[in-house]
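> Got a structure here, written out as structure tokens. Questions coming.
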There are 2 protein chains.
Amino acid sequence: MKKEIISIGILGLGTVGQGVLKILQENKEFIEQGIYPYKISLKKIADKNKEIILEDKSYYEILTDSAEEVVTDPEIDIVVETIGGFEPARSLIVRALEKGKHVVTANKEVVAKAGYEILNLARKNKVHFLFEASVASAIPIIGVLSRSLTSYPLKEMAGILNGTTNYILTKMSEENRDYEDALKEAQEKGFAEVDPDKDINGFDSLNKIFILSAVAFKAKINPNNIYYEGIKNISKTDIEYARELGYKIKLLALAKNGGKELDIRVHPALIREGHDLASIGGAYNAILVHGEGFGDLIFSGLGAGALPAGSMIVSDIVEIVKDYDNYNSKFKDFEEKKVKDFKQTHSSYYLRIRVKDRPGVLAEIAGSFAKNKVSFASVIQKGEPGEIVDIVFLTHKAKEGNAQEALKEVARLECVEKICNVIRVVEI
Amino acid sequence: MKKEIISIGILGLGTVGQGVLKILQENKEFIEQGIYPYKISLKKIADKNKEIILEDKSYYEILTDSAEEVVTDPEIDIVVETIGGFEPARSLIVRALEKGKHVVTANKEVVAKAGYEILNLARKNKVHFLFEASVASAIPIIGVLSRSLTSYPLKEMAGILNGTTNYILTKMSEENRDYEDALKEAQEKGFAEVDPDKDINGFDSLNKIFILSAVAFKAKINPNNIYYEGIKNISKTDIEYARELGYKIKLLALAKNGGKELDIRVHPALIREGHDLASIGGAYNAILVHGEGFGDLIFSGLGAGALPAGSMIVSDIVEIVKDYDNYNSKFKDFEEKKVKDFKQTHSSYYLRIRVKDRPGVLAEIAGSFAKNKVSFASVIQKGEPGEIVDIVFLTHKAKEGNAQEALKEVARLECVEKICNVIRVVEI
């Protein structure tokens, strides 16, 4: 006899867990229309905080402080993991899968660090491990990549995948705010974590572009080989100069399919004003996907929050239940691919260099760059002549390794006070 | 024994049909990785033009001028219908489904006019009828609506769904071109049909928003009750005034979920400069989807072309083959819903009215509007005083029926020469 009621257990009642709870309750009828003739039933919720306050008192009856109880309950069919962080989340997911339960998560750390093994385990046990909410919360990008963009190998992706940094950069750009000031506001408004380091330094974006690359390119890659850089060095001055040159500064996650080698990286980038990604503001995320036949597709939406993330977790539950009696792994084999050595990649550069303001400086700097095969597209020097002045350069495309060599040399020039900033220019 | 090779037949080798052919050939290996262990094999292609020129000569061996041969071939599993137009496409689709074949199409006319019956027939015969390419070619919006946005009832959609009209409006707006001139260029570049009436008058957008509404709201609706209006009346003058007021003019397809009643319509609209939909230019399409929990999602991409449409047809084929031995209808029941009477809907309006330039005119016009509960938000009158002058009004939100009554009255005023244009303002 076919099973008709699918039981769900939730691990962790933080922001996202409570979002899932709310959606499952408020939209039960709507959700069940989509999975007819199946029904879903919330069997158990676990949170280690015994004193947790839940709006709906009836939940206390199924609340436990033992995650173990949820992952071993023989009646539970689908486990939702919304604890966050690497451990104990990973172990609990593994336990649940071993017990033959499907698992849905929003946990990008677990997916990024242990995704391949977990997917293998899931397949071995003929259960699903789904993680739509782990990247760009409300944007169903993993579904699109794995289910809809199946006719052409993807060539390229470019994403604004971290809401905190995008919020800060937007505030700095639109309201002329300082970095520290904008970060403080992001924290006050709940867009940034109390400890925002992993957002700010680009690590969060790295996890996400790694997950997207694995899915889009069906690739097994080592995330440790991906270059990442955060936004800490971006100043109002750079944003101003960029604007003058016709660009906006965004923290971009990039992935290019070079066949055997993938060029994947995360760094701040100048993108042309007027490009669709340049106008993605505040806490929004966006992903551009480029394929040979179909051109550019852009998806944008809220990148964080209880309900945006919760809605994608619930849609993963629906995905599992819809075909409950016909298991078919959603992810096929991943092929081993290399991440291209960052020094071998190519970019144009925005350079802000502080120099002693005297004749011949430009020629000296240009000389060092030319020697390393880096040439300039434009140069701006503004303001009154004085002792010290900032010069801004835009270079033509050059090899990263060469640019780094050139910059080392330039830094040693007697006329150069300081390399204030180096930001890549991305044409997408 | 499980079938491992899935045979495909194509009906119609126009632009899109040839696109499908090209993709199936060039990406065969990639596509088959995604459907492993299944393989696909092109069995027959039909075109009524016996003299058709095909680049790859080997196709002549499987070419026939009889569509009947394709839909009755017992070895063909999936029929791709790329003939276009209503008949004979519809009959051939029906024949194929009756013979137990899956059907994939890009044919928005057939889907719009006969989709419900065809889907019923498909379900009865336990085969799929998929039509991702029928709306916004390269954007996998139907997949997103039916497979990913399953946790919340959608509240609202707004789309730029017709590339021809968007191309014309973009040219008029960015290059200050005349309507006729822009249309001619669109035709020369192949963006507009030789007979572009159905694009220009909004009918094409109507078909598409109807299809999206049916899928998104799981609704059975009568497309004949949907109001539609094209872009023929949009002049450079209106585009100029709109710009001055901070707006762009786009042909918008709108659908709001009011529970039992759906407010669905197609008309030109002023949308605020800076809104993501306002910047969608040229032949691009875009769709904004709003849900209570997850906020705004925007999807943009190429709205037409052999490969964009072909890529979504092929991805529908993949969708069918992936779960070939576990049939599960992709579309569930549709619930009967009413389209809200257009006169009962609410909008703000941009009005350009040509009047005799003399004292008291504004008061007279304002009086007629006020009587019908339409009030003004702003008024622009430019240029030298003279005999005749254009006044532009932006109204507050009013009921469509009231606005129409007011306009009838105003048109009768002695001081009014002509209602030059009425364009709705859409806040999304």
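A Cβ is built for glycine as well, from the same backbone N, Cα and C atoms used for every other residue.
A TrEMBL annotation is a machine prediction, not a hand-curated record.
Copied straight from TrEMBL:
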ACT_SITE  A:K208  active site, proton donor
BINDING   A:K108  NADPH binding site
BINDING   A:E193  L-homoserine binding site
DOMAIN    A:350-428  domain 'ACT'
> Among the recorded positions A:K108, A:K208, which residue has its Cβ surrounded by the fewest other Cβ atoms within 10 Å?
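Output over recorded positions A:K108, A:K208: least Cβ neighbours within 10 Å is A:K108.
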> State the Cα to Cα distance, in Å, between A:K108 (NADPH binding site) and the residue listed as 'L-homoserine binding site', rounded to an integer.
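Roughly 15 Å, rounded to the nearest whole number.
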> At a 10 Å cut-off from the C-beta of A:E193 (L-homoserine binding site), count the other C-beta atoms across all protein chains.
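Result for A:E193 (L-homoserine binding site): 14 other Cβ atoms within 10 Å.
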> Of the residues in the domain 'ACT' (A:350-428), how many are helix, strand and coil by DSSP?
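Across the domain 'ACT' (A:350-428), DSSP assigns the residues as follows: 24 helix, 33 strand, 22 coil.
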> For the domain 'ACT' (A:350-428), provide the mean pLDDT of the predicted model.
93
> Whole-number Å only: compute the distance from the Cα of A:E193 (L-homoserine binding site) to the Cα of A:K208 (active site, proton donor).
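Distance between the two Cα atoms comes out at 17 Å.
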